[in-house]
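What follows is a single structure, written as structure tokens, with notes after it.
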Amino acid sequence: MVQHRGPGALSLHRILHHHQTMNISSGRLCARHAAGSQWACTTSVDFSLVQFVQVIVLLSTGGANGGGYMASKYVVLAIYCAILILHGLINSLSIQWLAGFGQFGAFWNLAGVFALTILIPAVAKERATMGFVFTHCYTENGVGIHSKVYTLAIGLLTSQYSLLGYDTSAHMSEETKNAAWSGPMGIVVSVALSSIFGWIYLVSLTSIVTNIPALLDPSNDAGGNAIAQALYAAFRARFGSGAGGIVCLAAMAVAIFLCGTASVTSNSRMGYAFSRDGAMPFSPVWYRVNKQEVPFNVVWLSVSVAFVMALTSLGSQVAFQAMVSITTLGMYIAYGLPIFFRVTAARSSFVPGPFHLGRYGVAVGWVAAAWVALVTVLFCLPVAYPVAVDNFNYTPAAVGGVLLLSLGAWALHARFWLRGPVTNVDAA
């Protein structure tokens, strides 16, 4: 019998630790990458939600060409703060409430994708051909990149960002029944469903993309937001009003809000787990749970850090983009490191758990490690030419900075006392 005590789900590197003897430094390195990336992920998701809300308000009040309301950067930050507070309040509830939000989020995403996949092509009077959808590459983009291969390569960032959060099920494993099996299954099922339904939805959405320059034009009704403009224009062309497009955007905004809720949940459980190991500053403060066994303090720490990270948007969009650029690449490096050490240093000592890939595990691990290595290089490439201060890709600096801090903290301090994750289960 296994009795779980408290929250703070095991992140991927922690699960591997329980199944094998792994080099502690590699675990700490991926842990610090994941922590920084998780906070940046919340910032990225919720700031994207604010931009969605902003364009919904703009279109609802007449659009950019009809005197619609365009929020200032201070109003945007205030809305962002309100959303973070809501996410903090939701994550302060008991695990039963969070489970309910998770189930609602799954339903909303599946139902929303199904509805929009049918609705969008049915409404649009003009639709792109499948040849255009699958073969056309827009290179007259104003950023100086005209190579189709290069555009495709750096465009992979969108799909990689969309499939982040593989580890969310693992973070909640200590609050899950039969976690050794249901945790990995949650990861596999969520990735499979996201890939299949996400692909179908994207094909449906891109089918109404016929005039790319018009969708990207800052002077259009949506202020240059291509997705919003495409939906708004499709409904207006069919019904004489873009209200249906605004409703579609609102449905997407709800999905993003639920994603932000899950992101804060993941942040808090990871922060709890790290503080339990003594790996965070002021760990005794964060290693506490309330009567509902919720890590209340670290929930609000996650919200606060996400807010502070967004403050850079007031001074410089370049600085803000540099801050959140660690989201995708940092998390993939955190995912890739334990996989790499599993197929190299721990290949002979690895002890599989109840859920494993059998003889295919090593081969799949090498493919995964190679893919992470590839996207790491791709996402560090310039995204505009000629390269200048205002379009420089600061991802290498952001990720490299976290890497150096992690290595430095390990070499100078943590290696003298850190003995790895603290076991949080009693076996009988």
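Even glycines carry a Cβ here, placed using N, Cα and C.
As annotated by TrEMBL, transmembrane segment applies to 74-99, 105-124, 187-209, 239-260, 294-312, 318-341, 362-388, 394-412.
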Top Cβ-contact partner of the transmembrane segment (394-412) among 74-99, 318-341, 362-388 (pairs under 8 Å): 318-341
Top partner of the transmembrane segment (74-99) among 239-260, 294-312, 318-341 - counted as Cβ pairs under 8 Å: 294-312
Residue numbers, six or more beyond the limits of the transmembrane segment (239-260), whose CB comes under 8 Å of its CB atoms: 42, 45-46, 48-49, 52-53, 55-56, 59-60, 63, 83, 86-87, 101, 104-105, 108-109, 112, 115-116, 119-120, 123, 221, 227-228, 231-233
